[in-house]
Amino acid sequence: MSTTTVTNHTDTIVALASPQGIGAIGVIRLSGPQAFDITSSVFPSKNIAAVPTHTVHVGNIEDEGRILDEVVVTVFKGPKSFTKEDVVEISCHGSTFIVKELLQLLLRKGARHAKPGEFTMRAFLNGRFDLAQAEAVADLISSDSHASHQVALQQMRGGFSDEIRKLREQLIHFASMVELELDFSEEDVEFADRTQLRKLIHEIKRVIDRLIHSFSLGNVIKNGVPTVIIGKPNAGKSTLLNTLLNEEKAIVSEIAGTTRDFIEDELNVEGITFRFIDTAGLREATDAIEAMGVKRTREKMTQASLVIYLFDVKSTSERELIRDLEELKALKAPFLVVGNKIDKREDAIITTFRNIDGIIYISAKQNIGIEELKQNLLEIIQYESFKQNDTLVTNMRHYESLRETRKALDEVLTGMDSQVPGDLLAQDIRQSLFHLGEITGDISTDDLLDNIFSKFCIGK
């Protein structure tokens, strides 16, 4: 593993592992060579170093004879711990005063405040898991839906890493053969069969292309789908949002232009989080405030991953709808066209809009067609590929490394077509191995590790 220790890992770190604030319990975690001695110095009822691993002990925390709290101490002896070091977790009462006093006491006894993500960094540096798995720990902690939880869990257990590792192993074999040729350059010996190498690279590219393509779904599973509801004033946008959310989030009024700014909330559909933005209506504004809302609506449209265009079937003509659809087609984001208020004009729909395909008809007020709309939301983000248990890329860093790997592999193919010397071919293969190694941490730098783990919460 090409990495340098970014912090002194011979010391013992401590941090609050439970959320800040008052709670039933607070959990303080220590990791490092002095974790047992430091704990024993404030927990006199047990010699922590002498107890078996994975055991739990009840007793008092004492500071020079003064009892601070009655606690539960859990002992994990390295390497059978999260960090593969000696680890102690102290569960105390969740008073902010007790937690603060206990942390200060442990610091005085020789522990050091942990940096954000330092426990997980130590686990990575000690070989507990690779870098992609370490990043999945943070994703698991921040997961807020069934889908994001499932993807993070699969990655933390090594599913994604296994795919990358297999690709590297296949390439390493051919790289070694090409490198060996350089030692026999004067004899014109070819150890790496070029036909087999070309076949392998095409196979690897197919896997990488699938992983790159999966990022569009993986990213929205991890971060949610920014979804904008647009349409003319009084088309029923706020009513639709309220119906989807089953609560009154937006002001509903018969007065056109009531929604002057943005109302944001989240809807979970089969584990996928859609971050809905109900916008001001698209029309000529009658005052300065409303004009600002319309302008920002158009800005939100360009930033959205999904657009729901809602129109009133009662007051919209086919010509108007076709004109609006032309504007929607200019957007990069996929969109759904939804006709609202079918309860008021159901019989005339077929005649009026018979030449326009793909319209989803609903009544937001009567809750008609809402389930069909939800299924269309899932279909448009290609949700089926997630349900098939395919590996998904959710991390932008991994996505960029995969793209760079693909570029390097294209260079290898170009080099073989041009019959470049073996040393240049080997260089391009090494470059592809480098970018794959960036994902798992087989190739890493201090700056990269600092950047990744600094985004973790303290105590993890």
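Glycine is treated like the rest: Cβ placed from N, Cα and C.
Within GLU64, GLU89, GLU169, the residue that Swiss-Prot lists together with ARG29, ARG128, LYS460 for binding (6S)-5-formyl-5,6,7,8-tetrahydrofolate is GLU89. Residues near LYS460 ((6S)-5-formyl-5,6,7,8-tetrahydrofolate binding site) in space but far in sequence (CB under 8 A, at least 6 apart, same chain), listed by position: ALA17, GLY117, PHE119, THR120, VAL137, ALA138, ILE141. The secondary structure of ARG29 ((6S)-5-formyl-5,6,7,8-tetrahydrofolate binding site), as reduced to three states from DSSP, is extended strand. Looking at the domain 'TrmE-type G' (224-382) alone, the prediction's average pLDDT is 73.
In the three-state DSSP reading, LYS237 (GTP binding site) counts as helix.
SER238 (Mg(2+) binding site) sits 49 Å from GLU89 ((6S)-5-formyl-5,6,7,8-tetrahydrofolate binding site), counting Cα to Cα. Looking at the residues that bind (6S)-5-formyl-5,6,7,8-tetrahydrofolate per the record, ARG29, GLU89, ARG128, LYS460, the two CA atoms farthest apart are separated by 19 Å.
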